[in-house]
Amino acid sequence: MNKSIGFDLVFSTYDSLGPRKYVLTIFIFFVYSVSTLANIFIMLVIYLESSLHKPMYIFLFNLLCSGLLGSSAVWPKVLSNLLTDLHTSSYEGCLLQVYLLSIYTVCTYFTLTVMAYDRYISICKPLQYHNIMNPSKIKIWLMLSNLIPVFSVAGQIYLTSRIPLCSHTLNKLFCDNLSVINISCSTSSFSLLSNVYGLLIIVCLSVLPTFLIVLSYVKILSVSLKVSENSQSKALGTCIPHLIIFINFSIATFFSVIYNRLTVIMPIEMNVFISFQVTLLPPLLHPVIYGVRTKEIRKCTFKITQRLYASTNCYYTSKLKVPKIFAISGSL
């Protein structure tokens, strides 16, 4: 049995921030609030507008959900630690945070892979698109994108939870799997198993999806070069938002993995920067990039905004009734 259960873990990074923690608190609160509201708004737009009930936007809805999960698993706790002198987390709470954060990462890669496949079929096999991307196939892709991360990460968390800890101090803003493994007793067989299993997840659920996405875009590029300039611009218009998000998320994840595996202690600024790149900025970029770059979402957003304005205007107009005294004087 793991004797670490019931202990609290201490985050030493907060003590090194000094007065900078106030600026950091304002920045995190602002970005997290804007990100959450933007994600929820785009999700409502997709849900309310029947014209957006297409595979690409359904997968985008799933991507926004995973982004909300990842940011909400981390930043409310970080804000709480910044605003108080209590920079701790229960071991169970730490494992839950690791679990949700890992699901977010794996689910994002799976969803981006399915979105790349959707773009590939749409551009390279347009006549077969509706047969291939039918409602039953979409449900299967969505189930795989969510269930595979949930169950595969559960195995990782089980192995990590069995590791006896030789320290209770994390040099991080929040919990991640490698940080917990790094403070474990090196003689533990579960520590080695968890490390190997983590590498297997990275290869199978991150590297392989990356390869499939790159392969999809190589095919798309080869087909696009053979068509007219107008068709090329349309193809690029639908692919650019996905490419921007994929490249940004892959670079952030890559540096995060490398950083977490370094044995040397890095500057506090690097620690904070890597934390932002993985879980704070990507969920903000998803709704912003798709909201700005996607014409259909822009049109539907404008339409919904007009409806809200019209309904609000009608509500207040109905409340502004003419007083009876004026009605009587007007009839005289």
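A Cβ is built for glycine as well, from the same backbone N, Cα and C atoms used for every other residue.
If you look up TrEMBL, you'll see 38-290 marked as domain 'G-protein coupled receptors family 1 profile'. The transmembrane segment annotation in TrEMBL covers 22-48, 55-75, 95-117, 138-159, 196-218, 239-259, 271-292.
Under 8 Å from some Cβ of the transmembrane segment (196-218) lie the Cβ atoms of residues 102, 105-106, 109-110, 112-113, 116-117, 119-120, 148-149, 152-153, 155-156, 159, 177-178, 181, 239, 243, 246, 250, 253, 257, all in the same chain and six or more residues away from its ends. In the predicted structure, the domain 'G-protein coupled receptors family 1 profile' (38-290) carries a mean pLDDT of 86.
With a threshold of 8 Å between CB atoms, the same-chain residues lying at least 6 positions outside the transmembrane segment (271-292) that come near it are 13, 24, 28, 31-32, 34-35, 38-39, 41-42, 60, 63-64, 67-68, 70-71, 73-75, 101, 104-105, 108, 171-174, 241, 244-245, 248-249, 251-253, 255-256, 259, 298, 301.
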